[in-house]
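Worksheet: the structure to be examined is printed underneath.
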Amino acid sequence: GDDVKSACCDTCLCTRSQPPTCRCVDVGERCHSACNHCVCNYSNPPQCQCFDTHKFCYKACHSSEKEEVIKN
């Protein structure tokens with residue numbers, strides 16, 4: 001669906017196995033749109049990370065640019 005198309009990840013780690021097992025390790029106020037297993041802590045703002053694993057990585061978000069715009 002659209003959630004998978006819009007999902008993105010800046011930092012994706014994969015195992016060397018075939019097929020690889022990949023996980024997005026981005027930390028943010030929410031998980032990407034296609035995440036099924038999102039874990040957040042209770043800080044303010046929350047720090048969330050997706051624990052889904054896939055055989056691929058999502059495209060990069062370039063979230064660092066967006067974060068700079070929000071901070072200024």
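Heads up, the Cβ atoms here are built off N, Cα and C, so glycines get one too.
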Cysteine from Cys40, Cys50 that Swiss-Prot links to Cys48 by a disulfide bond: Cys40
Cys50 - recorded disulfide partner, Swiss-Prot, among Cys22, Cys35, Cys61: Cys35
Cys61 (disulfide bond) CB neighbourhood, other CB atoms within 10 A: 18
Candidate with the highest Cβ count within 10 Å, taken from the disulfide-bonded residues Cys9, Cys12, Cys22: Cys9
Nearest recorded site to Cys9 (disulfide bond) by CA-CA distance, among disulfide-bonded residues Cys22, Cys38, Cys48, Cys61: Cys61
